[in-house]
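**Q** Below you will find the structure I want to go over with you.
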Amino acid sequence: MKGKEEREREGGGGAVGPGAAGPGAGGGSPEKSHSAQEHKEQGNRLFGGRKYPEAAAAYGRAINRNPLVAVYYTNRALCYLKMQQHDKALADCKRALELDGQSVKAHFFLGQCQMEMENYDEAIANLQRAYNLAKEQRLNFGDDIPSALRIAKKKRWNSIEEKRINQENELHSYLTRLIMAEKERELAECRKAQQEENVDESRGRVQLAGIEAKHDKYLADMDELFSQVDEKRKKRDIPDYLCGKISFELMREPCITPSGITYDRKDIEEHLQRVGHFDPVTRSPLTQDQLIPNLAMKEVIDAFISENGWVEDY
């Protein structure tokens, strides 16, 4: 069985492999195409040895020989991804998509680049596109694309939550300053009135203490309110084990396969009808009548939904 890196380089489960030039390959002479293919195969060998800079250079030579083959760009993009050179990988993915808009690898690697560059909306869109194309083309990438999509969605959620936290902290600081400023203003006015009215010292202390207590309560109530918001936010996380392996969303009707993998029923049934009769993670043979409702998981999911009303917006 091929390892993940080899499947990525070749295109995974039936995608364009080392021996295929891919769409748009007819732009050069037979001699040039043959030479480009040799460079590509050299790049594959170097990539297999984890020599990513050398592999990228070999794919670059293939591109120089024949710049019309999308897979050369996606192979080099994967090298750049391994070297964390995301700008270069991004450019190669976009060029590959210009040559072949249906390239699963190009969308997959582009989504990974955008995720690393914290462009989460674009990353999710491209990873979802890669997943949909893989289903349409009946290519099996195992859990590679679904896993990347789950990570991108979680990172986007965390980014949104971080912004919310910063906004709440700024609001808390602003309101604290307002309350403190109002307290100082009232204290100053009270002291001035006490002097003008010649209020005795004991009565004056009581008046000032009342102002202090009032604003201290404002601060305490505000802190309690923000604390409640913070406590609710800490619970805004859907555990991975409650998410489907295909849709990456909270499961609604979990069912388990003979391999022990739990899926959302509508997603696994769609997979069996559109892609093939096998478990998408383990690749073991699977038919619809082998799906068994996971009642224990359903009970856990229902309890989670009832306790977390925000879950629909996750």
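Note that Cβ sites are derived from N, Cα and C of the backbone, with glycine treated the same way.
Swiss-Prot lists these features:
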- 1-11: compositional bias 'Basic and acidic residues' (COMPBIAS)
- 12-29: compositional bias 'Gly residues' (COMPBIAS)
- 31-43: compositional bias 'Basic and acidic residues' (COMPBIAS)
- 237-311: domain 'U-box' (DOMAIN)
- 1-47: region 'Disordered' (REGION)
- 36-69: repeat 'TPR 1' (REPEAT)
- 70-103: repeat 'TPR 2' (REPEAT)
- 105-137: repeat 'TPR 3' (REPEAT)
**Q** Which residues, given as numbers and ranges, are at least 6 beyond the ends of the repeat 'TPR 3' (105-137) yet have a Cβ under 8 Å from it?
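**A** Distant Cβ neighbours of the repeat 'TPR 3' (105-137) are 8, 11-16, 70-71, 73-74, 77-78, 81, 84, 86, 89-90, 93-94, 96-97, 144-146, 148-149, 151-153, 155-156, 159, 271, 274-275.
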**Q** Please spell out the DSSP helix, strand and coil residue counts for the domain 'U-box' (237-311).
**A** 32 helix, 12 strand, 31 coil
**Q** Which residue counts does DSSP give the repeat 'TPR 3' (105-137) for helix, strand and coil?
**A** 29 helix, 0 strand, 4 coil
**Q** How many helix, strand and coil residues does the repeat 'TPR 2' (70-103) contain under DSSP?
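**A** Final tally across the stretch: 27 helix, 0 strand, 7 coil.
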**Q** DSSP-wise, what's the residue breakdown of the repeat 'TPR 1' (36-69) into helix, strand and coil?
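**A** For that range the per-state counts are 27 helix, 0 strand, 7 coil.
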